[in-house]
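**Student:** I grabbed these lines from TrEMBL:
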- 1-10: compositional bias 'Basic residues' (COMPBIAS)
- 98-109: compositional bias 'Basic residues' (COMPBIAS)
- 137-147: compositional bias 'Basic residues' (COMPBIAS)
- 21-94: domain 'H15' (DOMAIN)
- 1-25: region 'Disordered' (REGION)
- 84-147: region 'Disordered' (REGION)
């Protein structure tokens with residue numbers, strides 16, 4: 001009788017794997033390496049400092065960082081300039097691909113203003129003035145029809 005009175009156990013709600021919010025470790029690593037301006041690459045210690053400054057928990061996810069570095073080296077995204085495994089220095093293989101590009105302004109060469117251009121601008125300003133006068137309440141003169 002007591003067993004029936006107990007509530008039935010709920011199914012395990014945490015069985016599905018949770019997707020962590022935010023960018024992946026490999027994306028964070030590539031951003032950190034691309035942001036560094038070291039000639040010989042970014043060391044593992046400097047990489048961890050950069051990730052920690054960005055708000056990533058380095059102590060908790062140390063093994064993920066090492067696995068991410070190894071996978072990026074095997075894919076060819078990073079090149080290991082010093083050391084073996086996950087230690088040493090790393091730099092991007094194609095740095096232009098990962099740097100953020102600033103939008104460029106198109107430079108247009110100014111052409112000398114000729115007489116026809118000046119004439120067109122003058123007529124355009126006249127039209128604007130005429131339109132302003134008409135919009136203020138003055139009516140346009142009606143076209144007379146030939147009789």
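Numbers run from 1 along the shown chain.
Keep in mind that glycine also has a Cβ here, set from the backbone N, Cα and C atoms.
Worth saying up front: this structure is predicted, and the values here are computed from it rather than measured.
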**Student:** For the domain 'H15' (21-94), report the average pLDDT of the model, please.
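**Tutor:** Average per-residue pLDDT within the domain 'H15' (21-94): 91.
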**Student:** On the DSSP side of things, how many residues of the domain 'H15' (21-94) fall into helix, strand and coil, could you say?
**Tutor:** 35 helix, 11 strand, 28 coil
